[in-house]
Structures are given as C-alpha cells and as structure tokens.
Amino acid sequence: MINSNNKAENLKYFTKRKKITASYYYLLIGDLLSRIGDYIYQLAIPLYVLYLTGSSVMMGISFAVEQAGLILSGLIAGTLVDRGNPKKIIQVTSVLQTIIVSTIPILHYLGVKSIYPILVVGFILIALNFLYRTAINSLIPLIVEKSLLPSASGKFSISRSISKTFGPLLAGLVLAAFDPINTLWLDALTFLIIFTLCNFITTSSNGSEIKNNDSKENELQDKENKRKFWRDTAEGFLIIFKNRSIFEITILNFFLNVGYVAMFAMLIFHLKDTLQYSTHQIAYVFTADGIGAFIAGMLLPYFMRKISTGYLILFSTLIMGISMVLVGWTHNIFLVGISFGILMFSSQINNRSIYTYWQAVVPHNQLGRVFSLNTMLEGVSVPIAGFTAGIVVDHLGSTILMQFCGYITLLVFLVFYTFSNIRKLQFTD
C-alpha cells in the first residue's frame, strides 16, 4: 500500500509539475527573428544612405534622427504598455513596422530615391521598436508562471546572445546576395512572422484581459495613474540627482555614450568607404560584437566576485577607450575585428556592472525609474553625437573620428577615476 501511494503521489507530482508553455516559445522565436531582422536593417540602411548621398554628414543626420525616436518613445512606452494589452501592442507595432519598413523599397522602385523618407521611417521605426520591446518584457509574466521566470529570462538571454553572434553574419550573407534595398523585405517579413506567432499566444486569466475590463475601478485607477505619471517622473529625477553614486554613474554614462555613439554611428562608413571592406568583411567585424558580448556574460559573475564594482566600471571604460583608438589605428581586418570585439566585451561588462550595482542598492519601487530615466538621459547624447560625428568625418575623415572617440573615452576614465567616488563602489554597499 505504501509503494502504491508513493507511485500515485509521484504520478500526481509529475502531472501537475509546472512547465514553460508553448506561448512563451512562440514569443521567444519571434523575438529572435526580429533581432536578426534588426541586424539586416542596421547594416542595410547605412549602406543605402551611403549609396544615395555618399555623405558622412547625411549618415550622421540619419543616425541622429533615427535615435531621437528613442527619446520620445522612452517617455511614454512604459505607461502605454502598463495601461494596455501587451500582446495587442506587440501585434499592432509588428504590423506597423512591417508597413513602415516596406515603404523604403516601395519608394525606391517607384523612383523616389531620397534621404528624407528614410529619416521619417527611421524615427518612427525606432519609436515603435522601443514600444514593442517594452511590451515583450511586460507580456512574459503573463504567459510564464512566476516560479519559472528565472528560467524564462535565461532562455531570452541565450536567444539574444545567439542573435548578436549570428545575426550580423546572416545579415552580411543576405546583403552579399542581394542589394541592401531588397534585404529590407526580409526585415519586414520578420515583423509579419511575429504578428502571426502572437495569434497562438494565450495569456493567464489574471493577465492582460483583466487590464482591459471596462470597470469603474479600472477607470478610477487610470485617472489616478495619469495624475501620478509626471509626479513619479519628477521624483525619479530627484532620486538620480540626490544620490551621489547614481548621479556620478549617470554623468559617466552620458559622456561615455558621446564617444561610443559617435564611433558607432560612423563605423559602417569607416569600414565601407575608408577601409574599402566588402559586405562579408563588414559582417565579420559585426560578428565580433556578439562574441564579445557572449564572453562578457560568461565572465561577469567571476569578475564581480574578484573585482569591486567601481573598478569594473572604470577599467571597462578604460578598455573601451583603448579599443576605439585601435579600431581607428589599424586597417587590418583581423585586428579591427578583434578590437571591436574587445570594445563590445568591455561595453557589456560596463553596462552589466552598473545595472547589477543599481539592482543591489536602489529600492525596488524606484528601480524602474532609475533605469528608464538614465536611458533617456543617455539617449539625449545620441542625436548630438551622431550628427557631430558626420561633420567630423566630412572634414577630418573617419580614422580621425575613431581615434578621437577613443581619446574622449580615455579622458572620461581619467576624470572620473581622479575626481569621482565611483572607484569606491562595492556590490555589497
């Protein structure tokens, strides 16, 4: 009888054991495909702009206008997702992104070969993409049991590492086989696939469906949320400005972003126009991005056990500066790829060290505002850096820009190492 009862209990346990649902894997596959599509867009558009204009200034303007959409969307995306249905937002933004990306090749074949539609499309696309990514993060808890969220998060991290490693390579192969303008059809197709996969996703009964009930309670809650929105945003700024360690890291990120973004905005121009690399060779360089990020993710836990958080932040900044100088110094494709991989490795170490420190010291109910407002403040530097980079390249060349961005980053390291308290930060603070 005891053995029979044990067997029955074991059978009951395995029958009721929680598993990640198929809905999660539909979302995971869609996200992976969309990120690969993003790499196609990120390589194709700069090449197409270069084909249309032959101007580094216009490439800088295109990058600046495109990234400005992130600032706008960053202010409202979280509120829209919190008050709406994340699944529907993903579907709507997927359809809109399909249509918007498709307009570029359509206009091209209609004979409208102008930079201005690309500026409009880039701005809208980045804004929609940020909203789409925010909705994905909000949808996951609605399709995954709370106890399985760590496992689900781990799978998403692996998926993103795969996309960062193989996305540029696949994008390069596609661009080598087709004209840049034709590869945008594939990017549009990835959004359409996401829309289709979302039709198979089911959410929990206490998820987004409840958020959309037209009850008086929800209406009152919405009104209260509207009143609190700007008040909470203002409070978020106060949190950043009053906490010295958070404020210093925010300022560090802003100036670090100036050098990094200016370099990244003109990297395609540098590889294609200055170094005369083929599309395959450009893809090789960008593949180093994913490899560097993957290695950083593997080594970060070890580094954080052995090195204080402050020194990790500062010395990863130092390595970023040296890597940027090397990217501009050498013409050898192998050395350029290695330097870029080291740059992305140190960038990931820098970002994850900062985020992990904030997660340890910032109260849970303030963490979201610290993250989002810091991202927005970083985003302010992006259009400025992109536009300035185009002008510098036009007058001095991309080699000088790459090295100059590295020197700016090295100067940032020296200033913050000497005058800030960042080096004293500890993960256990």
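Here the Cβ of each residue, glycine as well, is placed from N, Cα and C on the backbone.
Note that the structure is predicted; figures quoted are calculated from it, not measured.
Record features, source TrEMBL:
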COILED    206-233  coiled coil
DOMAIN    23-424  domain 'Major facilitator superfamily (MFS) profile'
TRANSMEM  89-109  transmembrane segment
TRANSMEM  115-132  transmembrane segment
TRANSMEM  184-202  transmembrane segment
TRANSMEM  251-270  transmembrane segment
TRANSMEM  282-303  transmembrane segment
TRANSMEM  310-327  transmembrane segment
TRANSMEM  333-350  transmembrane segment
TRANSMEM  371-393  transmembrane segment
TRANSMEM  399-419  transmembrane segment
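Within the same chain, the transmembrane segment (251-270) packs against the transmembrane segment (371-393): three or more Cβ pairs sit under 8 Å, each pair at least 6 residues apart. Ranked by Cβ pairs under 8 Å to the transmembrane segment (399-419), the stretches 89-109, 310-327, 333-350 are led by 310-327. Sequence-remote contacts of a segment are chain residues at least 6 beyond its ends whose Cβ falls under 8 Å from one of its Cβ atoms, and for the transmembrane segment (184-202) they are 21-23, 26-27, 29-31, 33-34, 36-38, 40-41, 44, 87, 90-91, 94-95, 97-98, 101-102, 104-105, 139, 143, 174. Same-chain neighbours of the transmembrane segment (89-109): 41, 48, 80-81, 117-118, 121, 124-125, 128-129, 131-132, 135-136, 139, 181-182, 184-185, 187-189, 191-192, 194-195, 198-199, counting only residues six or more beyond its ends whose CB sits under 8 Å from a CB of the stretch.
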